[in-house]
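The block underneath contains the structure these notes are about, expressed in structure tokens.
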Amino acid sequence: MFAARGVSKRFGAVRALDAVDLDLSAGEVVALVGDNGAGKSTLIKVISGAVTADEGQLERDGVPVQINNPHQARSLGISTVYQDLALCENLNVIGNLFLGSERRRWSLLRKIEMERSARTLLSSLDVRIQDIAVPVAMLSGGQRQSVAIARALVGEPWLVILDEPTAALGVEQTAQVLDLIRRLRDRGLAVLVISHNLADVRAVSDRTVVLRLGRNAGEFRTAETSPEAIVAAITGAAA
Amino acid sequence: MTTLTKAIRWPGRTTDGPARPGGVGSWPVVGGLVVIAIVFGSLNEQFLSAENLSNLALQLAATGTISLGIIMVLLLGEIDLSAGSVSGLCAAVLAIVHVRHGQSALLAVVVALALGAVIGLVHGLMFTQLRMPSFVVTLAGLIGWQGLLLYVLGRGGTINLPFDGAIAKLSDTWLPPWASWLIVVLIVGAVATSAVLNRRWRRRADLPLPALSRTVLRVAGLAVLLGAAVLVLSADRGVPLLLVIFGTLVVALDLVLRNTVFGQWIYAIGGNAEAARRAGIPVTRLRIVAFVLASTLAAFGGLLAASRLAAVNQSSGGSDTLLMAIAAAVIGGVSLFGGRGRPYAALLGILVIQSITNGMLLLNVDSSIRFMVTAVVLAAAVAIDSLSRRGSEQ
């Protein structure tokens, strides 16, 4: 479905990515893991258009595509949820879901239509927020993460990239967010999750891709692989 | 006073528009107004007289309008320190075009407002393109435009506006009772109609409805408050046109901010500019527009002040105009941190400040005391804002 082939990126003398390959397909959750500086962030920035690769190409259904900026990525159906969530804490849930893509007639907000879509979207994801008219600042961390993920779906993407979605969340909220990621998969979306937390990776991903020092360092079917093997790939220790 | 009740419904969160997260809304301000009314009313029987309340209504408009402009930039989390100087300068230009060059009042007003817009554009460009902090840009404006005001006024220093001219008439026009009541009926009718339509549309869209009792209470409260204001003001000279103009500006700005994409984006930028930028919102353009609006409203406020004084002089827009305008916005509940507050804050805040000023003048209290009391009110308002903000951060 979507593939990165031989992607390389240099920052000055540092080779952040060195001929990295990545395949993503619909209805599959892929976890991207690796130590700090392994190139995970650079790779998702390449896919989401925040940086452009020096070499290599991106393919959609076997056809090469150009992604030079975030806007192009979005119009190709690639949606990214950054670690800092990028929510406006003073706006309510509806305002955040439609931030920048407000439904409007001329310049007037179509509030009722937005509220209805927001409720439909949130309930289809089984996200429970008591009052969607309260500012996002009043929500819990897990709810905010859910709102950020739900927002990524407003543009009807087919690939959603999640950067550390469970960092800084408690046990119960982590479970909520992992459930939400499974529902994204069940909707037939391709999902790419960056995580440091191997327990979460095991819980939610179908496939685990390991990067180490900017190179592919292994690819596993998560369910059939022991955590030790993944750790070994991450650290580079002989398994 | 035309729009007081609309602000009162603020704490009862509606499902639209940004509310103050965890905030206490405008209840403290309304409570403060009641306390002010009781205290000054009992100390001086003049305070609550129809004549004095009419004067109060007249005094609100100029600084209130400037405050309205300041709210535009405060919502972005920025500040405009130049509003006072800009109001004075634009009023001076108005007087020069109208009196010295003998042009029509209308042309003079257009020129003054256009000058305000251009000044705002300059501020906005310096802020967004040269990346200067808004504090510094407008501090330079505060000093520079004041200097230009003194320069254009020249040695004379004062330009009188003709007492029977259109501009002076602006602050000496009083609505006859029938017109005032018609406006009240129209406003209450519009609010009631929009409430009914909103309920119908929400029911059709299968969305939860707001409590009927609350809606009825809100409309009834609005009717009572507007009616009381008209009764009191009509007992004297009538509802001043100046108050109607100011009220219209407040209501119009609030409707725009709550119901248009533009308004939503202003709040978004004030809440998280980086998130807004990533969401594709034209942050730079909106910031410039906000500064243009701020200076244009300052120019309009200067025009209203000139109309009331029937003159422009070297202290126009000077002394405490700017500080009172900022204080009014903050007391009314606009957050200095950006993204929170509504235009009604200008009305409520200036009502508090002018009531204190007016009451103390009636009691012959020295302005030293007046400043200190205003300072306490301002500090209390900001403390409430900060505390409610901290309370909402879990």
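The backbone N, Cα and C atoms fix where each Cβ goes, and this holds for glycine too.
Going by TrEMBL, these are the annotated features:
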- B:21-44: transmembrane segment (TRANSMEM)
- B:56-76: transmembrane segment (TRANSMEM)
- B:81-99: transmembrane segment (TRANSMEM)
- B:105-127: transmembrane segment (TRANSMEM)
- B:134-153: transmembrane segment (TRANSMEM)
- B:178-197: transmembrane segment (TRANSMEM)
- B:217-235: transmembrane segment (TRANSMEM)
- B:241-267: transmembrane segment (TRANSMEM)
- B:288-309: transmembrane segment (TRANSMEM)
- B:321-337: transmembrane segment (TRANSMEM)
- B:344-363: transmembrane segment (TRANSMEM)
- B:369-388: transmembrane segment (TRANSMEM)
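Just going by CB pairs under 8 A, the stretch in B:134-153, B:288-309, B:369-388 that sits most against the transmembrane segment (B:105-127) is B:288-309. Most Cβ pairs under 8 A with the transmembrane segment (B:241-267) among the ranges B:56-76, B:81-99, B:134-153 are made by B:56-76.
Against the transmembrane segment (B:288-309), the recorded stretches B:56-76, B:81-99, B:134-153, B:321-337 differ in Cβ pairs under 8 Å, and the greatest number is found for B:56-76. Proximity of the transmembrane segment (B:134-153) to the transmembrane segment (B:178-197) is not established, fewer than 3 Cβ-Cβ distances being under 8 Å for residue pairs spaced 6 or more apart. Proximity of distant same-chain residues to the transmembrane segment (B:369-388), defined by a Cβ-Cβ separation under 8 Å and at least 6 residues beyond the stretch ends, is recorded for 20, 22-24, 28-29, 32, 324, 327, 330-331, 333, 335-336, 349, 352-353, 356-357, 360-361.
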